[in-house]
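Novice: Dumping the structure here so I can ask a few things about it.
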Amino acid sequence: MLSKPQKIFSKSGIPSKYYEMMQNILELEDSVKKLDDNQIQAKIVELKKEYNSKPDNKNSVVKSFSLTREMAWRKLGLKHFETQVVGGLVLNDGKIAEMKTGEGKTLVATLPACYQALSGKGVHIVTVNEYLAKRDKELLQNLYNSLGFSVGLVSEGMENQERQYNYACDITYTTNAELGFDYLRDLIIDSKNNRVLRDFYYCLIDEVDSVLIDEAQTPLILSNNLEIPGERYTKAIWAANQLVPNRHFSLKPRTKQVVMSESGLDLLKEIFQTSNLYDPKTPWIGFVENALRAKFFFQKDQDYIIQNNEIQIIDKFTGRIAKGRKWSNGLHQAIECKENVQISGETQAINSITYPSFFKMYEKLSGMTGTAKTSEKEFQQFYGLDVLVIPTNNPMKRIDHKDIIFETKKAKFKKVVEIIQNSYWQGRPVLVGTTTIEDSEILNQMIRDCNISPQLLNARPGNADIESLTVAESGLLNSVTIATNMAGRGTDIILGGNIKFLLTDFIKELVYGIINLIPQNNYMITCGLADFEDLLKDFYQLVKNYPIQSILNYFENIGDIESHVPQTTLDFKIRELYFIMKNASTNKLIDIKNLIQKLGGLLVIGTSRHESRRIDDQLRGRSGRQGDPGESYFIISLEDELLQTYNPNIFKPFQGLNRTDSFSGADYFALSRAINLLQEDIEKLFYENRKSSSSFEEVLEYQQYRYFFFRNCLLDYEDTPNLFLNLCSLTTNLTPINNNLYSDNLFAYANSLDNLILKNFSLNSQSFLYFSYIIALNLRFIYGTSFIKAFWRIVQKSILLEMDEKWVEFSERISLSKDTIGLQVYAQKDPLQEYKRKCEQEFRNFILELQKLIVKKVVLMNLHSLIFLGFRF
Ligand code: ADP
């Protein structure tokens with residue numbers, strides 16, 4: 001007969017090799033248990049040798065996993081479950097492991113991280129926000145260190161040196177944005193010593209679908225500011241308001257585009273008194289199209305909010321403010337103008353990269369998330385990443401109900417409030433998801449009108465700042481939480497409350513009480529204070545003796561008290577109090593948890609379907625963690641944004657009746673089917689968009705890669721004679737190291753072009769180079785290497801500066817031509833092929849221009865040196 005885990009794995013479709021390896025790892029448990037910490041470290045040193053002679057060897061993987069598992073038990077009190085070991089093996093193999101919320105992905109990551117760290121090339125663990133990176137690093141630091149691995153954290157605001165230090169660690173926790181921008185900054189350094197990143201070896205992305213799919217089309221852009229007169233935006237808005245929809249222009253909501261008609265263009269020419277609306281100096285057409293897009297497609301509190309007199313974009317998938325992100329090509333400024341806030345300067349990109357291209361640079365890439373299966377095709381086609389669904393450790397008990405569909409939003413909200421009220425009076429926690437801030441606020445008010453005080457979590461400042469705590473409190477008795485998509489990822493919702501958060505928050509408030517107020521928080525409400533009064537008084541006296549700043553620093557730098565490794569006496573005291581209180585309240589929390597389980601667990605209500613099923617699944621997935629009971633409903637209406645934006649016509653026959661009850665019978669069947677199909681259609685549309693835009697992006701990224709490769713070669717020269725000799729051959733090396741980065745055709749094509757670039761290098765310049773080489777050798781002989789090196793460094797900086805300026809102009813020209821290339825369709829040509837051809841041609845000229853620039857600068861430098869020498873003699 002099959003054992004329980006065997007049954008689970010055989011049903012899940014996980015290849016049997018993983019099951020067998022997992023068994024081997026578990027079998028080693030008894031022998032590794034006998035080793036002390038030092039002996040385990042010694043084994044790790046042996047494994048490092050094994051890794052270097054034979055990476056990814058099955059036996060070494062098994063040994064490394066079993067050692068990590070044992071150390072996790074000793075240092076964290078957590079032993080990887082069988083499912084977690086299998087998840088770790090899948091990740092170690094460079095695949096995507098779909099593991100449901102609460103299955104312990106943070107711990108799973110330690111298994112492949114420790115194995116791949118044996119390489120010494122650095123492991124990057126990427127999370128979607130800083131809070132998670134910091135939390136995970138803190139939590140796992142002790143485990144990694146005990147195995148002999150160093151662990152680092154790279155976060156916002158760090159100086160270069162700190163970044164270098166942290167990236168040099170065996171394992172580095174950071175966010176996708178930090179990593180991407182560090183890469184872009186590394187490309188434009190003017191001294192090798194400033195480079196922060198090293199190898200792109202093994203990378204594990206947490207919430208991989210969020211990074212590689214949801215954010216795939218939003219490139220990271222490193223930019224300069226440009227001066228554009230603000231009045232242009234005002235004029236454009238005025239002009240846009242003179243245009244009549246469907247006469248002067250038509251709208252394409254799916255792609256958020258505006259198409260001008262002939263009569264529209266004529267009217268604009270008249271308004272702006274110009275015959276050329278596309279004049280590169282003042283391209284009025286772009287300004288007006290942006291004004292129209294700002295007016296019709298971008299709405300306040302849905303697509304953005306206004307904070308500190310600035311437009312802040314709301315990320316459609318996470319519901320969070322997308323910090324520092326701006327819409328490009330003047331759209332952001334058009335929206336600023338529409339909202340009458342200060343118009344920010346437009347920017348000019350120095351370099352940019354999309355997450356897909358960035359992460360493809362890793363030799364081994366893997367990822368984990370609760371929701372990947374529905375995007376399996378995309379992961380496979382774009383990244384060559386297989387998705388394996390890891391079974392849950394305990395069977396899933398959540399009940400996912402069929403959608404309830406109403407005609408109007410009003411009727412929908414009424415039903416939602418009714419269900420919330422019912423649950424609230426029973427004490428059962430409810431989490432309500434909305435897709436817009438506006439909806440979250442409407443619901444918040446409706447619930448308050450029923451004398452219930454919900455927690456509100458949306459991108460507005462103040463709400464978002466306490467996100468983790470709010471989510472942690474969503475599992476409390478009697479809690480009602482209304483959240484935009486942002487509650488979908490990150491913090492664990494535990495029935496009865498997440499004690500780590502509640503208690504950390506409580507002690508924080510207690511300590512801060514020295515500075516201002518009396519503690520009043522959810523932990524007290526849940527667990528009461530009576531038992532701890534004396535203890536708290538003593539503690540209160542104790543912390544009074546510490547400088548306020550050290551207390552503030554402590555709380556600012558920790559995720560939660562439990563995960564923080566104590567260093568100072570204050571840390572130890574706080575930790576001691578934490579554990580006394582935690583132990584004392586454990587039974588109470590277990591009682592509450594049991595009660596909530598009896599009530600059916602966390603109830604999740606979605607109030608609108610999202611453009612992607614994955615995001616809907618994320619919301620549902622907040623309930624039913626680790627075998628808990630749970631329930632989810634989607635209560636939607638035909639007036640919802642999604643249905644109205646993408647295909648309002650199919651729902652028209654069911655509208656206008658003002659019915660207050662939900663649809664049923666044949667109507668329900670037809671509607672439910674139509675909505676599902678629509679969602680699938682939208683997913684396909686987005687997928688196709690990503691595919692086509694990535695093909696275009698790839699071309700520019702390829703040129704970028706080659707330019708910066710060229711630039712790096714230049715940076716590597718410390719002296720001029722060698723540079724002169726090798727300058728020509730710089731171009732031969734322009735082909736990327738990792739051929740897989742680009743589609744084969746493009747790669748082959750570019751390869752042949754590189755040879756052409758070399759041949760085209762003029763003879764004239766060659767003899768010039770030779771001449772310069774002789775002078776440089778003489779200079780070195782007379783003045784010594786260090787003098788020449790210092791001189792070269794000055795010239796090198798000036799060359800790099802000028803080269804980068806030329807690169808910015810070039811890349812701007814290339815990306816602009818992408819927008820016009822669409823017209824080639826009319827000329828019966830394939831736009832992508834045309835674009836590639838054009839780019840390669842321009843790139844060739846560009847490189848020639850750079851070569852001339854370098855020769856000129858270096859020769860001039862030598863002449864200057866000669867003059868300098870002349871003066872000396
Ligand atoms: P996920 O990211 O998959 O949602 P987390 O990594 O946040 O899950 O873990 C959820 C909870 O499960 C945490 O409180 C963690 O301590 C606990 N947990 C994870 N693995 C184990 C284990 N092997 N044994 C006991 N508890 C575990």
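Cβ from N, Cα, C; glycine included.
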Novice: Please state which member of Asp449, Asp492, Asp505 TrEMBL lists alongside Gln84, Gly102, Glu103, Gly104, Lys105, Thr106 for binding ATP.
Specialist: Asp492
Novice: Give me the count of other Cβ atoms within 10 A of the Cβ belonging to Lys105 (ATP binding site).
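Specialist: Step by step: centre on the Cβ of Lys105 (ATP binding site), count other Cβ atoms within 10 Å, giving 22.
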Novice: Using a 10 Å cut-off on CB atoms, tell me which of the binding-site residues Gly102, Gly104 is the least crowded.
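Specialist: Comparing Cβ neighbour counts within 10 Å for the binding-site residues Gly102, Gly104 gives Gly104.
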Novice: Identify, in sequence order, the residues in the chain of Glu103 (ATP binding site) that are 6 or more apart from it along the sequence and have a CB within less than 8 Å of its CB; answer 'none' if there are none.
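Specialist: Spatial neighbours, sequence-distant, of Glu103 (ATP binding site): Thr83, Gln84, Gly87, Ile390, Thr392, Asn393, Arg625, Gln626.
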